[in-house]
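Written out below as structure tokens is the structure these notes cover.
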Amino acid sequence: MEEFRRSYNRLCEESGAEPQEAVLQQLHQLPKGGLDLTTQSLTVETCRALGKLLHKETLLKELVLSDCMLSEEGSTLLFQGLCANTSVQHLDLKGNNLRATGAEALGKLLRQNKSIQSLTLEWNNLGTWEDAFATFCGGLAANSALRQLDLRNNQISHKGAEELALALKGNTTLQQLDLRWNNIGLLGGRALVNCLPSNRTLWKLDLAGNNIPGDILRAVEQAMDHNQDRLTAFRENQARTKILSKEVQHLQEEKSKQFLDLMETIDKQREEMARDSRASAVRVGQLQEALNERQSIINALKAKLQMTEAALALSEQKVRDLGELLVAGDQERQSLSQRHEKERKLERQEAADRESKLLRDLSAASEKNLLLRSQVDELERKARSQQEQLFLTKQELTNTSAELKIRAIQAEERLDVEKRRAKQNMEDLEKLHSKEVDHMTRHLEESERAMQERVQRLEALRLSLEEELSRMKAAVLSERGQAEEELIKARNQARLEEQHRLAHLEEKIRLLAQARDEAQGTCVQQKQMVAESQARVSQLNLQMEGQQRRLEELQQELINKDQEKVAEVARVRVELQEQMGRMQADLVAQEALREKVAALERQMKVIGSEHREALLDRESENASLREKLRLKEAEISRIRDEEAQRASFLQNAVLAYVQGSPLRALSPPK
């Protein structure tokens with residue numbers, strides 16, 4: 001406030017006037033936020049300086065200028081400074097004898113100032129000049145900040161009340177109006193009553209001491225009560241609305257916090273899922289490689305086992321054939337020995353007879369001996385040819401086994417090619433899956449910018465990712481199944497080809513064995529071959545048992561790996577289900593918040609509808625009261641007209657009586 005005082009001194013010096021000591025003293029004792037110049041006679045220069053100071057002053061809240069006897073020029077200068085002021089809220093101009101110029105300046109002040117809320121104009125003469133007061137009322141109608149107006153003792157007539165009523169129809173902020181001790185009268189009271197239905201903010205109107213009938217005062221009181229009830233309801237509704245808005249804002253903040261927490265949780269879960277998926281992919285790749293290695297080992301062992309089984313079956317068939325040959329040779333030898341014994345007996349019996357014939361038959365026997373020798377030579381040649389044919393058959397069998405091995409190796413190579421192709425397909429599918437995951441991630445980042453649809457889009461994205469993952473898994477499984485089916489088909493085809501070739505070879509061996517039966521000289525060799533075959537069969541049985549044990553161990557390891565893989569998949573599935581459960585719980589909490597907000601909105605709508613119904617009831621009640629008031633006013637006007645007619649009749653009668661009385665003739669002239 002010291003700055004305010006220095007500015008006042010400077011402005012007075014610039015204008016060439018002496019600062020008023022009383023004003024300086026008040027400025028020195030100036031309380032915080034207020035300036036009280038009550039009963040101080042302010043000069044025009046002081047008013048000019050104060051007007052310039054008030055034009056820029058931002059700390060002054062209250063200005064009291066009561067009983068200062070302001071001149072018209074001084075009041076105009078003060079009001080011009082207050083027009084641009086934005087801090088003064090209470091202005092007291094009591095007892096300043098403001099007239100036409102002051103009323104017009106006040107009208108301009110009310111039209112331009114947006115901060116004054118309380119204006120005291122008691123004991124002035126604003127209503128004496130109707131045009132100036134009309135200007136004041138126009139400023140009041142345009143004002144949107146004034147809450148309290150005191151116009152007591154301002155000589156306001158019924159015309160001024162009519163102008164004031166027009167101003168009240170356009171004003172939407174004035175709440176208290178004091179019009180006591182004026183000259184409003186019946187017509188002014190009616191004008192004010194008629195304007196009250198259009199004004200719903202004025203809840204206090206004092207009209208005492210204005211010669212207004214009691215019914216009009218009661219109507220004014222009813223209107224004020226109605227506005228006060230409306231104001232109370234409005235304040236209650238505003239308080240409820242503020243509480244509800246705070247609650248809604250709090251809920252929105254909580255919702256936003258929860259949503260941010262949910263988004264952070266989802267990001268963390270997404271990162272964890274990405275890490276888990278990468279680790280799972282690495283683990284699956286390692287397991288797949290190990291499985292492929294084990295599968296290749298198993299396939300090699302299976303191929304060896306099949307070859308061993310084929311060799312074993314061939315050896316067993318050879319053993320059976322050789323056994324049959326031995327049995328047939330033994331039977332033939334026994335039959336030959338029996339027949340030889342019979343022949344010897346016959347020869348002994350016929351020895352005597354032969355002795356005589358030997359000499360005769362010697363020449364014939366020698367010839368027969370030569371013939372038999374030639375037959376023996378022929379049989380030996382046949383045996384050698386059979387041995388050569390057997391050697392060729394063995395060589396063909398060796399070539400066939402080598403060809404079978406080559407075909408098995410080719411089948412294994414084709415199997416490896418199919419595995420590599422399946423692995424390449426898996427890698428391509430993983431790359432495609434990673435690209436699709438990147439695309440969906442970018443799509444998720446774009447969709448996160450929309451606050452209202454963020455949860456729904458996130459849910460849809462999660463579902464689509466799960467569906468895509470399930471589809472990719474199904475595709476991988478189907479391709480793996482197809483690869484396994486192709487592998488099985490290739491194995492079956494190779495096995496069928498081997499079986500056909502083995503059957504063909506067995507047929508050849510059977511034919512060769514039947515041809516070999518005719519050779520008697522190979523029995524010892526066949527026995528040796530049987531012994532060797534039995535020893536080889538025992539060795540092959542031992543090797544087969546070892547291979548079976550190895551195969552069982554590999555199968556057990558494969559089962560353990562499958563169990564570990566299933567356990568890992570189950571653990572990942574449980575984690576995903578837990579994450580989905582937490583997300584569903586968050587969604588349920590958000591849905592509860594939405595329901596709570598919807599309930600609050602419904603409650604606000606119910607309160608608004610009740611308020612509207614109450615307003616409609618009050619308006620209907622006001623309409624009925626206005627109708628009753630109109631009827632009462634009509635009746636009162638009729639009674640007043642009758643009373644006026646009676647009074648005029650009585651006055652005429654009295655005048656006629658006075659004019660016709662003898663006392664008038666005796667009265668001296670004036």
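Each Cβ is built from the backbone N, Cα and C atoms, and glycine gets one as well.
Per Swiss-Prot, the features are:
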REPEAT    59-79  repeat 'LRR 1'
REPEAT    87-108  repeat 'LRR 2'
REPEAT    115-136  repeat 'LRR 3'
REPEAT    145-166  repeat 'LRR 4'
REPEAT    173-194  repeat 'LRR 5'
REPEAT    201-223  repeat 'LRR 6'
COILED    235-645  coiled coil
REGION    332-352  region 'Disordered'
MOD_RES   Ser661  phosphoserine
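The largest share of C-beta pairs under 8 angstroms with the repeat 'LRR 5' (173-194) comes from 115-136, of the ranges 59-79, 87-108, 115-136. Along the repeat 'LRR 1' (59-79), the predicted structure has mean pLDDT 90. Same-chain neighbours of the repeat 'LRR 1' (59-79): 1, 4, 33-44, 46-48, 50-51, 85, 87-99, 101-102, 105-106, 108-109, 120, counting only residues six or more beyond its ends whose CB sits under 8 Å from a CB of the stretch. Within its own chain, the repeat 'LRR 6' (201-223) is flanked in space by residues 168, 171-186, 188-190, 192-193, 230-231, 622, 625, 629, 632-633, 636, which lie at least six positions past its ends and keep a Cβ under 8 Å from the stretch. Secondary structure by DSSP for the repeat 'LRR 4' (145-166): 9 helix, 3 strand, 10 coil.
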